[in-house]
């Protein structure tokens with residue numbers, strides 16, 4: 001049997017150029033075999049995990065996960081997105097936008113939690129998609145996640161320079177220098193950002209436990225600054241600003257831009273919640289996954305929702321919405337008030353702490369994603385190795401840290417931010433679909449087509465609703481189509497719920513109200529994807545195309561070879577699934 005996986009006298013696909021070129025001729029058959037090859041929970045927890053050699057130490061508890069979740073979510077983004085969403089879309093009802101976006105994040109967090117409890121490994125969404133839809137969809141998912149992490153971390157590290165400068169009253173231009181000859185957007189060198197990224201890389205390579213302690217200290221300080229800003233806003237603010245604009249000609253009231261403004265604001269501020277998914281990658285290092293993971297992931301999201309809503313109300317009370325600075329709402333609001341300019345520096349210090357915490361969590365997450373992708377052999381196995389002394393994926397951490405530092409050194413913040421977010425929302429959408437598929441389909445026992453048909457129909461209906469919401473002119477026809485789409489979507493879910501029985505019920509923790517909860521998550525993620533601009537979709541298409549090429553020219557052959565030597569042998573799916581049900 002093994003001979004069928006080998007090329008020319010038992011050589012692997014990359015043993016020589018001649019063998020590799022011959023292997024390319026077998027790409028279609030290898031792709032058909034490997035692309036939808038589904039791993040199992042049993043394999044992910046045993047054989048695949050053993051590829052790393054050393055095991056990651058289980059040192060984290062629920063409070064560590066809450067600290068990591070809060071640190072990952074409350075970064076500098078909230079100090080920017082709040083002002084932009086309030087000024088342009090929602091007005092004082094920005095607090096409702098944050099509540100809606102928080103609900104969306106909490107629903108996605110439930111989906112992550114069910115997978116993380118069932119499969120406590122470091123692969124996060126990559127592993128979840130791999131055991132559900134197969135290797136190729138998982139590779140697309142994991143590659144987009146890593147690129148989004150790297151780009152956002154580079155952008156955030158450059159933002160650290162700006163906020164640190166405002167904290168000390170130093171212009172950012174004094175810490176950066178221009179290199180003539182380089183194109184605009186890539187010619188402003190930021191050595192401070194590089195130092196920050198490399199310092200965080202060193203910390204996460206040294207110890208996960210120590211990284212958690214550093215994050216806990218920084219997160220505590222950051223929350224203290226946020227509470228300070230909230231208190232200052234409430235004490236100095238005016239309730240009348242919640243309903244009255246500065247210019248009487250502008251729309252007034254708590255909902256000046258109507259319901260559409262609230263949802264458009266929610267789409268913008270939702271990015272402030274991104275970060276909790278990194279906590280799921282720490283599952284392999286949690287002492288008691290069944291108890292700690294649900295409290296850690298869902299608890300951190302719930303706390304952040306409360307903090308964000310309080311911050312939104314505080315900002316709305318400080319100034320009428322039409323006077324809010326879209327770029328730096330809190331700093332600008334206090335700087336315009338006589339005797340309160342010093343608060344601007346406090347905001348800069350608080351944002352600096354937030355950047356450091358979000359960097360630590362995100363860089364922990366990106367390294368663990370790369371580690372588990374290396375275990376699957378679709379990237380070189382070198383990335384999967386765990387250092388015997390530190391029990392951390394040092395190779396993956398160092399490689400991605402250096403890559404992030406290089407981008408942060410040259411690339412302008414706006415260039416980076418234009419490339420982020422669509423990939424993350426796409427991953428959340430995939431995980432919500434995957435949790436439904438896993439509940440209703442058992443490979444080898446259950447017919448998958450009813451569930452796949454349901455997921456496709458529901459997604460199409462959600463896409464139709466989103467397109468009409470974004471593109472159709474306001475009027476009775478628009479509201480009729482939106483109402484019809486809503487009724488259709490509800491009917492699709494209800495029929496599926498009544499007709500198709502669940503194939504497995506989680507023993508320890510599961511998403512409540514299945515399939516309604518993940519369906520709402522699917523809809524909200526599609527709706528938020530519809531609010532993104534064209535450059536985001538161009539980035540997603542271009543990068544996904546590159547990922548496909550990498551898979552076709554390297555990954556499919558590497559995983560095919562690994563299957564041949566027994567490392568990725570998932571042929572006996574039924575027996576392994578049976579073992580997995582016993583273990584779970």
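Just so you know, glycine gets a Cβ as well, placed from its N, Cα and C.
In TrEMBL, annotation is done automatically, which means it is predicted and not curated.
For the ranges 151-171, 214-234, the feature annotated in TrEMBL as transmembrane segment maps to 214-234.
Annotated by TrEMBL as transmembrane segment, the relevant range among 33-55, 125-147 is 125-147. Just going by CB pairs under 8 A, the stretch in 94-113, 125-147, 478-496 that sits most against the transmembrane segment (254-276) is 94-113. Listed by sequence, the residues of this chain that lie at least six past the ends of the transmembrane segment (346-371) yet keep a Cβ under 8 A from its Cβ atoms are 52, 68-76, 78-79, 122-124, 126, 142, 145-146, 149-150, 152-153, 156-157, 159-160, 163-168, 196-197, 200-201, 203-204, 208, 211, 214-215, 218-219, 221-222, 225-226, 228-229, 275, 277-279, 281-282, 284, 330-331, 334, 379, 383-384, 386, 392-393, 396-397, 399-401, 404. With a cut-off of 8 Å on Cβ pairs spaced 6 or more residues apart, the transmembrane segment (478-496) and the transmembrane segment (449-472) reach 3 or more such pairs and are scored as touching. Long-range contacts of the transmembrane segment (392-410) within its own chain (CB-CB distance under 8 A, at least 6 residues past either end) are made by residues 52, 56, 122, 146, 149-151, 153-155, 157-158, 182, 186-191, 193-194, 197-198, 200-201, 204-208, 363, 366-368, 370-371, 374, 382-386, 416. Here the domain 'Cationic amino acid transporter C-terminal' (509-559) is broken down by DSSP into helix, strand and coil counts: 40 helix, 0 strand, 11 coil.
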